[in-house]
Amino acid sequence: MALMSFTMDYVIEKCQEAKIWLFEELSFSLALQFVAWVTYSLMFILFATGFTHLVSPQAIGSGIPEMKTILRGVVLKEYLTFRTLVAKIVGLCSSLGSTLPLGKEGPFVHIASIVATLLGKLVGSFRGIYENESRRSEMLAAACAVGVACTFAAPIGGVLFSIEVTATFFAVRNYWRGFFSAVCGALIFRLLAFWFKDEETITALFKTTLRTEVPFDALELIIFAGIGVACGLGGSLFILLHRKIILFTRRHKRMSAFLQKNRFIYPGIIAILISTLTFPPGLGQYFAGQLTARRAINELFSNITWTTGQADDLEEEAILRHWNPPATNIYVTLLLYVIMTFWMGALSNTLPIPAGVFVPVFCCGAAFGRLVGESMSTWFPEGIRSGDVVRKIVPGGYAVVGAAALSGSVTRTISTSVIVFELTGQISHVLPAVVAVLIANAVAHFLQPSFYDSIIRLKRLPYLPDLINTKQDAWTVFVEDIMIKDISYITFVSTYYDLQELLTNSSFKSYPLVDTPESMILLGSIQRFELERLLWLHLSSNQTLLNDRKPSSHTLSPPPSPGRFRKTSSPSIVRKNSSPKLPQPIPRFVVTKVDETGTEFDGNLDEQDTIPAEPERKEMKQKLHHSLVSPPHFKRLPPGLRPSSFKRKRNVSFLKSLNLKDDTDYHYDTLQLPLRSILKKTNSESPFLSRRASTGDLRMDGDLFYRDLAAKQRKESIVEDVPFVFKKTSMPESLSKLFKVDKDKERSLLNEQINWEGCQIDPAPFQLVEKTSLHKVHSLFSLLGLSHAFVTNIGKLVGVVGLKELRNSIQGQIDAQAKYKASGRHDADSSEEDNDDPAQLEVVRENGHRETFTLVKREIAEETV
């Protein structure tokens, strides 16, 4: 991640320098300068928009709201894939290279999470982590810390920031993981700058030289507190402005439909508008429009007083030239910079490109603090007198405090004060910064949600909101009022036909197991993959083909489970004189080798056991209907129940040689294993207890098996320079019986009672009683990271409640309270803003009393129980 961050910073910096260089090279023509200045930003923004939309639209935006939702336990499709990683990296470099007021921190947190996910899937030693959802969340939490640390070289602030913006409850055991990874990332990030950027030593990213002996006077704490109040109001206004812009485009349906069909118009208009305003010879000269964010922050944190107009070297003279143009003064420049960066940052973050919000508000807060500091130095030119001691004003310290306060109020975090200390390398203003950040957060908390929570609401992500008031409805609404009573379940006495119908008509990830339909006593829960495996094994192990066949010790068998292949268990050809091996599960098919003459040999490689050459292609087409990876005895199964490791889209056919055991010996070792909780960490080396996340793993492992099979055969082939092929032959007579299985036979197999032996059952799924209050349910779901819970009454299953139901009920309570408070004001705009499609939930008590709550329908991806 450090290398990736350093490379991206280098590319972004070169793109921004190229824009300045092009502007300076065209100094002979003002018109060409304007065209180049605007066109450069326009091309980068349009490229970022198109590339992100084509490769992965999930890469749009910050990424922190989505990570906050994922860490809560909700699965968002395509948000942690390689395509999203590519779109995020390329789109972020392009968007930041345009010099628009955009940030890197949020998108890079998303990038770090994707890299952690992909590395965990590639490295075999991390497979155990991704088999357990809890361990996976811990890994993603550490990745978020690395993302912040590699952006600002701030390991401590990165860990704290990742905790504040992504977690409601944080496990202390993950603390050292986040710190370790963040310190490593920040260290490598700065070492790369030391090695390749000619840095003198490992220093802070924005090194400052503020006075450390007496940095501020005690009376100045009042001014710092005032900065906190102003930044709290400004942060709330920034969030409100951003949300108003998005809702404005949504409410006008014609404009929204037009912009969706013409995706480049809106980004193009915004890019042209901002580039025109920041044109240096135009309006940009009055608010330092030619400066990039990095350079602006360095100058705002400088340890000189601009109002004096005295510069000791050329660098300070350049700073004064940027912020004190001839036509105006420092105060007007700083005020215009604050205003313009404020609204342009909010507007730029509405673009459909990868972008963050931290850097724009950080620059805006630093400029506001600098404005206050320069004003204080003007009002007190000799300094603040405290007794006989006179202490000079340090405007750079005010800039540091303002940057921490405004960024903290927007992101609703306290750790921004720590990030500022690590960014600047100054600890002298720690107390003023913390005071200002705390006050700013307190003020913003009463006015607006955080920027990331606002995006969650705008995108309608399935995130569980917080309870506002715990004294009223949170204790009077119970889980029985919001649970789903019509649920899908499997009984202990069910048949395979019932199991088939259940899996065909529903798509949940897990199902409750009860003893009988009459008693409905909850025995546990079973994952969907386990049920599919039960049905698969039952139908595949009861075929008439398996009779009257003799066992063979030299076979090639496809994998019996979706586990990862090991070298010790990989398929291989056993020659006639090989040493005996332990008994293995009986294979269904055997692949033989082909020599130069087109003849086949059996597994013993005996010269007398040769098989005739390949039959005519016409006859083969008539008899061959299935491939090696598509067993015919699955042809009557519904599409969702066919093993994914057996693809039909293969041009590989059966061979004649089959070595199959008798039915009595055809079994799997997993059927002898005890019942085991699915919540425990599984052994990655076990071929049957390996990952069972989805049937897609079967498909991947099946591909790997046959790829290794082809490589093995090609390696051991006695014929050189002859490509390995699976030879097509006519279908064996014994194998053709599979196509004539009587429907009654299949029906009789499905009518058998399910054999639960060897099935992984969670004997203690999370349960709630009917009278559990909404407040307790919210606390349990938030603390334990639950996605669903079964509702029982004296052990009897009566319903299930998931995140969707809990979220709707809590949102209904929040909206009802907001509507009650605003009933006297009749604020229609705020009502439409907070609740786009209201609905009513009527709760009927047992005593006949009715209560009504306002709910918000959330159009979200289907959540599985």
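For all residues, glycine too, the Cβ spot is worked out from N, Cα and C.
The feature compositional bias 'Polar residues' is assigned by TrEMBL to 568-581.
Annotated compositional bias 'Acidic residues' per TrEMBL: 830-839, in sequence order.
Taken from TrEMBL, the feature region 'Disordered' applies to 547-588 (among others).
What TrEMBL records for 821-844 (among others) is region 'Disordered'.
Residues or ranges marked as transmembrane segment by TrEMBL: 34-55 (among others).
According to TrEMBL, the transmembrane segment annotation covers 108-127 (among others).
Sequence-remote contacts of a segment are chain residues at least 6 beyond its ends whose Cβ falls under 8 Å from one of its Cβ atoms, and for the transmembrane segment (139-163) they are 1-2, 4-5, 64, 67, 70-71, 104-105, 108-113, 115-117, 120, 126, 129-130, 170, 174-175, 177-179, 181-183, 185-187, 189-190, 204-205, 411, 413-416, 418-423. According to TrEMBL, the feature transmembrane segment maps to 139-163 (among others).
Per TrEMBL, the feature transmembrane segment maps to 175-196 (among others).
Per TrEMBL, the feature transmembrane segment maps to 221-243 (among others).
Annotation source TrEMBL lists transmembrane segment at 264-283 (among others). Among residues of the same chain six or more beyond the transmembrane segment (264-283), those with a C-beta under 8 A of the stretch's C-beta atoms are 23, 30, 33-34, 37-38, 40-42, 45-46, 49-50, 98-101, 249, 258, 289-290, 340, 344, 347-348, 350-353.
The annotation transmembrane segment is assigned in TrEMBL to 330-348 (among others).
As annotated by TrEMBL, transmembrane segment applies to 355-373 (among others). Listed as Cβ neighbours of the transmembrane segment (355-373) (distance under 8 Å, sequence separation of 6 or more from its ends, same chain) are residues 61-62, 92, 95-96, 101-108, 223, 226-227, 230-231, 234-235, 238, 293, 296-297, 300-301, 331, 334-335, 337-338, 341-342, 344-345, 348-349, 393-407, 410-411, 451.
Taken from TrEMBL, the feature transmembrane segment applies to 393-415 (among others). Listed as Cβ neighbours of the transmembrane segment (393-415) (distance under 8 Å, sequence separation of 6 or more from its ends, same chain) are residues 157, 160-161, 163-165, 208, 210-211, 215-216, 220, 223-224, 227-228, 231-232, 234-236, 238-239, 297, 300-306, 357-358, 361-370, 372-374, 376-377, 380, 383-384, 424, 426, 428-429, 432-434, 436-441, 443-445, 449-453.
Marked as transmembrane segment by TrEMBL: 427-447 (among others).
The stretch in 34-55, 175-196, 221-243 that contributes the largest number of Cβ pairs under 8 Å to the transmembrane segment (427-447) is 221-243.
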